[in-house]
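This report concerns only the one structure given below.
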Amino acid sequence: MNEGKNETNGRTAEETVVSRTTLFVQHAIVNLCRLVVAVTFIVSGFVKAIDPLGTQYKIEDYAAAVGIMQPAGSLATLGLSVALSAVEFSLGVLLLFAIHRRVVSRITAVFMAIMTIITLWLWIAEPVKDCGCFGDAIHISNAQTLMKNIVLLASAVIVAWRPLQMVRFISRSNQWIVINYTVLFIVGVSIYCLYMLPLFDFRPYHIGADIKKGMEMPPGEKGPEFETTFIMEKDGERREFSLDNYPDSTWTFIDSKTVQVSEGYVPPIHDFSVVMQPDGVDVTEDLLANKDYTFLLVSPQLEKADDSNFGDIDRIYEYATGNGMNFIGLTASSDEAISRWRDITGAEYDFGITDGTTLKTMIRSNPGLFLLKEGRVIGKWSHNDLPDPASQEFKALIKNGIDNGNFDTAKKVVKVVIWFVIPLFLLTLADRLWAWSSIVRNTRKKNKLYKLLKKKKMRKKIVAGNWKMNLNLQEGVALAKELNEALTAEKPNCDVIICTPFIHLASVAQAIDQNVLALGAENCADKEKGAYTGEVSAEMVKSTGAQYVIIGHSERRSYYAETPEILKEKVLLALKNGLKVIFCIGESLEEREANKQNEVVKAELEGSVFNLSEEDFRKIIIAYEPIWAIGTGKTATSDQAEEIHAYIRSIIAEKYGKAVAEDTSILYGGSCKASNAPELFAKPDIDGGLIGGAALKAADFRGIIDAWK
Ligand code: PGA
């Protein structure tokens, strides 16, 4: 190991720091790119969605440029317009929230790649002047669009390269709400704006705009400049001339070409004019100068205009004429279309001709109503939302002639915030709070679990053998030696004890290393010493070198009538002589069937060991052995055993406190074998086993010991 380079997972400390820094930088870059792309998509999707017709016109410009179709007003291009804005907006929101990170980032990158190819073509071939990326809100040149898209494409690729580094704002379980709400919202916005008018009007004819001002050339600005070249011929020789060196009449004119040499300033409104039909009088100036109100019924294509609201239109026409105001229809359509409209709707108003694109720019409704005063836009309405001349609102508008466009804009922004931003914000907030609280809950749970595991770890894990009345001395010593050797060679993960018949104790104690394999007796007398023929006292047990003694085994309770009082004495004597006690408790089959197991074990503990001081009780190991499982091959299920072990621990806690209960080892006994030990020992309140039959063969016993591995 090099100095200053601690190896962790095959990496040096320096490498770890470097890779952490790299990861941090990567994280920051990916999330920055994600924000840039998300915000751009949201803005451009939204400004397209609020003006579906404008977006449709742009799509049709593109379609015409590549010669695919001439589909003015077609449903397909309108559908495409709504879909495009919805996809763009939704991708932006999904990226912002980091929803379905992999698939969304890939789709975004592909989307940007396609857009970049289109803008490359725009830049090279200039089929349309303005890409329409941001509707009418922001106009950028084709070169700027290309630059913008290259940056966005690079950002989208970076995000798609490491999508999982996007920080989530919402948990997976709530993502569907954001997805559905976003799609519903944006499609809803498009439909609303189609039915009414664009929510926000970025065009030069917005409410409050002064058309006259919009047509002015600011002082010092120049318009676009054009240069014409003339191709002339004389005596078979062709040459090019400009206006400055135009030759004399000996030259014959062949051809001329005019090119724009400088962009210059084009006023926002440059082709607004009204020529009345059928007399051809240009009334543009009068109309813009008129100090009274002028209503303009604007219909770019009268043949396609919606005539369903003609009643409302007539009511306004009557109001206008009744109050000495002008009412003019404006269209780019033919006389024929005008007379057809008159036939259908009974229109009595005059029509003027205006450029079709100008009319489409003026209002996104066919027809739509415009209210002008001295060239200023006072009001705009879709044919679906025409004002009622009798309403207070309309009267106030006519009275004040006020441009409330700015006020309206603020109100609309608030509406969008209330309908979209706030619900998603609240959802995110609730989601994050929930996520945070569940992290706290989990941490607490983990802590609890950790503490439990630690407690269990702190408690002694024990596998004890109870040889009962089996094996003669030689066999017993041989088994003890075999076990001792095996456990010396491979250290067990628990304490191992063998409890043998009395006569084995001294010899076995000589044969084993009790640091590896501890020794205990299966019983001891309830008397200290004296004339008790055939009995073996606790002191005698201790003198053999044994450290443990089993007391209260069910076989002794039932075959030798050992009562709780007798057992109580035995326990006291064992402890007095420095022996640790493995105290057995457990219910019979009848008691279990009568569901009395808890009562039984409680009474057994109370009868023989709950009299002890805390200090003495700490020297007791409890062995729960359901009598119906001992030597029968029937084991309590691990859940059954765990249930009663937990109960035993709880009553110890009641008696001696939680700390003592947590430190007391509670073993399970009764047909415990290598095959079922792992499942039993995995339970939090089972700390090992007291093994009868399976303790008589070294291999079987070791199998159980290995369950702790
Ligand atoms: P068993 O005996 O493992 O043979 O069922 C257990 C015991 O009596 O301690």
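Cβ from N, Cα, C; glycine included.
In TrEMBL, the substrate site is described by Asn466, Trp467, Lys468, Gly631, Gly692, Gly693, and among Ser608, Ser650, Ser671 the residue recorded at this site is Ser671. By the rule that a residue counts when its Cβ sits under 6 Å from some atom of ligand 1, the binding-site residues Trp467, Lys468, Gly692 yield Gly692. The average pLDDT for the domain 'Methylamine utilisation protein MauE' (28-161) in the predicted structure is 90. The substrate-binding residues named in the record, Asn466, Trp467, Lys468, Gly631, Ser671, Gly692, Gly693, extend over a maximum Cα to Cα distance of 14 Å. DSSP classifies Gly693 (substrate binding site) as helix under the three-state reduction.
With the fewest other C-beta atoms within 10 Å around its C-beta, Gly631 stands out among the binding-site residues Gly631, Gly693. Between the CA atoms of Asn466 (substrate binding site) and Glu625 (active site, proton acceptor) there is a gap of 12 Å. DSSP classifies Asn466 (substrate binding site) as strand under the three-state reduction.
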